[in-house]
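Engineer: I have a structure I would like to understand better, so I am pasting it below and will then ask my questions one at a time.
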């Protein structure tokens, strides 16, 4: 929505500050890349860049879904646990299908199908509990977060679920192979991002999400089926988690209680760094993608340098989140001061 | 200013105030002063700059040029309500109380009394009780704000201001949401404040009220100061003319006779909901049907139920001759029935969005082409709506919250009309908007009816019900108490039904 209205921009000074706001995450990413290059020129090697993009795909895909949920005024804390649970069930299903379907593509397709159904189902549960059950999204997804996490621990009996070795061979290319020089996960990321952008910015559904997050009562009085749209945002989130899991499983070929830990926070952080407003009503898919890239880049840079311990990755990410939101806010104030 | 020599010195004085927001000027060298113990009304059309002037007087905005004088001395008011310490208090239209706190906690918010480091609740409660007794307000200091009526909340705001030793009380349309009775209580309170030497500035669109309680009146038009005069020298008609700058001979359009044989488009039989008891009525094509009654009589509840915004317990609804069950809002819209809320800020418009998404939100499916929103069609619709409804925005990219009330109302009307309804229910069509815009809206409603659209007007303002409706239904406590037509539509009759003094045996 924003990008198009900026196309028809007037000459008022406000417009420029809005532009700055959109550009902020992009500038931050550029700055990070320059720092990375200065610290170690190998940072911009092709190998490292594709690795970086592949790594950001998981969080990025999930964050695209989170953008919808947050734009419509909700929040989903369960995505990390959901990814772990889906990965666990996928592995169990595929392992059990080996006897009937063999170790080839059909088994992998079955696993992917199961993942998608589970993602949609889990999202639907979150959505229905929030809308029909009239429980706050924070509480609902805090609950399902605990449930999904414990389920995967239970399935793995406290240990690790491993994918059948042969199936792993069949499935492996989904993570490790490339198409036109870009790894498959990056293509999935790009596809999800484009679909997400179109959905949020070009369709009635996207407009409804924004309207609901902006003011639910107005949405209701404007003939919008608020419950259905909100539930759909959680289903989209679930679907995105399923996609992320599908490309994540072949990476390690296993799932355990520590799979996807803190992904929900990284996804939400990516959304917020990207300029989406946490209380809803204003969403940016482009920003979210930049946010996901920024988070991964920080970790990547730390791997390249000895100046800061890699263990401080979380600290750096946390600082970036706070600084990003602070900058967005002070930018806003600046615009106001100029006026008066 | 041509102040009379005998008048006491002004407490606060605004001298040649100009204000621009960015490149947009909204006030041009406006002057105004407030003396102790006077009620000074500030009137003007929406967008005339009243709100801006009030905010400058209370320190919420800084003037671009000009001076504020407090007790004759040049002053710079601190921002964000800190001017309260200087005795200048602004009571916002959307009251500024913490809903979950009690009356006592609100009154003392930010300056709690303490004893030994702990809150001295007993002392605070006693003081609040004393103020409540003075006002004659029948609530307890321990009542939660959320459990009070709007009128009571407003009184709490006044108590809060008084307890802070306010010398200047600035009120933005204090009576807009009050019933007749509550307004009388409010007037008495204003009298008391006057006697204690408080200077009161208030904005109102009800010119009779201005005539009744104001001592002086300042009129603004398009950001310009037009005049300041004692109200005894003015009639409501003169005020209206000075505000608008033109003759307002025909506030209401000429009434076109309704066709009593026109087909019935809406028949409601024995409708019951939580707030509505056994309501039956019908509506004809091209008819303007008024719903009158006191606030809370169930008028809004009837139409929220019919339009799918609230659940129906029992009863039948026939639309265009066909029985319809409970509908969703979207289904009602699709058969041509639309409801325009009275609460434009909370339920009508997305205040932080621009005009275009607001305009098309209700009828959005109409703008979808190949699964995507057709922006071109949206832009065209906005241009059409701005022309058709005379929406005046200095910058079309402005967020809707920055539009004046009248322009918001016109945009909301445009939003609802975007789906071309055949029946449109307009709840309080002119709440809080100026007389010029009112006139435009009345003419628009009349034109709709002439085109064959049926219009239901729910209103607490009796003159407009009388001025534009073919037939009037009066409700009280969830029931219909009377149906008036022709010459029977007058204030006296409506009031008797609304107050429960008279009741028609229906059916």
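Glycine is no exception: its Cβ is also placed from the backbone N, Cα and C atoms.
Copied straight from TrEMBL:
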TRANSMEM  A:20-40  transmembrane segment
TRANSMEM  A:52-70  transmembrane segment
TRANSMEM  A:104-125  transmembrane segment
TRANSMEM  A:137-156  transmembrane segment
TRANSMEM  A:176-200  transmembrane segment
TRANSMEM  A:231-249  transmembrane segment
TRANSMEM  A:285-302  transmembrane segment
TRANSMEM  A:308-327  transmembrane segment
Engineer: In terms of Cβ proximity under 8 Å, which residues at least six beyond the ends of the transmembrane segment (A:285-302) contact it?
Structural biologist: 3, 22, 25-26, 28-29, 32-33, 35-36, 39, 43, 48, 51-53, 55-56, 59-60, 63-64, 66-67, 189, 193, 196-197, 200-201, 266-267, 269-276, 308-310, 312-313, 316-317, 320, 324
Engineer: How about the transmembrane segment (A:231-249) with the transmembrane segment (A:52-70) - do they touch, taking at least 3 C-beta pairs under 8 Å (6 or more apart in sequence) as contact?
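Structural biologist: Contact between the transmembrane segment (A:231-249) and the transmembrane segment (A:52-70): present.
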Engineer: Same-chain Cβ contacts of the transmembrane segment (A:137-156) under 8 Å, 6 or more residues past its ends?
Structural biologist: 69, 74-78, 80-82, 84-85, 87-89, 92, 122, 125-126, 129-130, 255-257, 259, 264
Engineer: Below 8 Å between Cβ atoms, which of the listed ranges A:52-70, A:176-200, A:308-327 makes the most pairs with the transmembrane segment (A:20-40)?
Structural biologist: A:308-327
